[in-house]
Amino acid sequence: MLAIIGGTGLTEMPDLEITQRHGVETPLGAASSGVLQGILDGRDVLFLPRHGHPHKLPPHRVNYRANVWALKQAGATRIIGVNAVGGIEPALAPGALVVPDQLIDYTSSRESTYFDGRFKPLQHIDFSWPYDAELRDALLRAGEQAGELLEDGGVYGCTQGPRLETAAEIARMARDGCRLVGMTGMPEASLARELEIPYACLALVVNPAAGVVESEITMAEIEAALESGIERVKKVIRALLG
Ligand code: HPA
């Protein structure tokens with residue numbers, strides 16, 4: 001069953017015909033919200049708003065371990081993480097949709113593994129290619145079907161937040177090869193890998209990253225990009241289900 005982790009701007013799926021509300025508690029603490037199970041265009045889907053509904057948890061306070069566990073418990077066999085991001089590459093203007101193929105984790109102090117020797121015995125997963133190739137392909141095909149141009153590939157840099165970055169931090173990330181910057185892609189992706197659930201990211205650019213253009217980043221521009229962009233994200237998800 002496909003699961004969607006909704007990011008900022010995607011805290012609900014109004015067209016989802018809800019059939020079951022899963023509990024919020026897991027052995028790792030409370031998930032951001034109870035997982036919603038429902039039917040969208042005739043297909044069973046799971047939905048979890050990453051920041052809760054209404055949006056209440058900042059990126060560094062999300063219990064990623066509980067969220068991914070809750071989805072597994074509810075029967076998820078594939079996960080799409082939807083993420084609002086800043087565009088580091090100047091060509092990635094607000095509204096661009098990207099399916100990254102790599103990531104760099106710049107976060108710190110997040111509970112980031114099940115294999116910590118306490119909850120589960122230590123294990124080192126392979127994470128050379130953090131996103132599932134088949135699920136990425138399926139997303140890219142869904143974009144074509146939906147008539148939405150999806151950028152194929154690129155490095156997602158995940159920062160700790162909640163503050164936005166300095167221009168120098170973004171310049172360094174560009175030198176590292178990052179095309180995108182967000183705050184919520186990790187440890188979600190590696191936790192899914194630990195539980196052997198194929199995972200891919202659909203990223204919506206909502207602002208040029210710090211220093212990419214001269215103006216400061218405002219919440220107003222981010223909200224405007226989210227409003228129009230999220231409808232296109234939903235179109236791609238529906239095509240993926242179809
Ligand atoms: N930086 C980090 N995370 C983000 C940004 C950004 O510029 N925009 C949306 N999420």
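Placement of Cβ uses the backbone N, Cα and C atoms for every residue, glycine included.
Just so you know, TrEMBL annotations are computer predictions that nobody has curated.
Per TrEMBL, domain 'Nucleoside phosphorylase' is recorded for 2-241.
What TrEMBL records for T8, R50, H51, T184 is phosphate binding site. Counting Cβ atoms from all protein chains shown, T184 (phosphate binding site) has 27 others lying within 10 Å of its own Cβ.
Residues or ranges marked as site 'Important for substrate specificity' by TrEMBL: E165 (among others). Counting every protein chain shown, 23 other Cβ atoms lie within 10 Å of the Cβ of E165 (site 'Important for substrate specificity').
Annotation comment: TrEMBL describes M183, N207, P208, A209 as substrate binding site. The secondary structure of N207 (substrate binding site), as reduced to three states from DSSP, is extended strand.
The site 'Important for substrate specificity' annotation in TrEMBL covers M219 (among others). The Cβ of M219 (site 'Important for substrate specificity') has 9 neighbouring Cβ atoms from other residues within 10 Å, across all protein chains displayed. Taken residue by residue with DSSP, M219 (site 'Important for substrate specificity') is part of a helix.
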Item to check | Distance-selected binding-site residues near ligand 1 (C-beta under 6 Å), from T8, M183, T184, N207, A209 | outcome: M183, N207, A209
Checklist entry - What is the interatomic distance between the Cα atoms of M219 (site 'Important for substrate specificity') and T184 (phosphate binding site), given in whole Å? => result 17
Next on the checklist: Between the Cα atoms of E165 (site 'Important for substrate specificity') and R50 (phosphate binding site), what distance do you get, rounded to the nearest Å?
Outcome noted: 21
Checklist entry - Just going by other Cβ atoms within 10 Å, which of the binding-site residues R50, H51 has the emptiest spot? => result H51
Next on the checklist: Applying a 10 Å Cβ distance cut-off over all chains shown, what neighbour count does T8 (phosphate binding site) have?
Outcome noted: 23
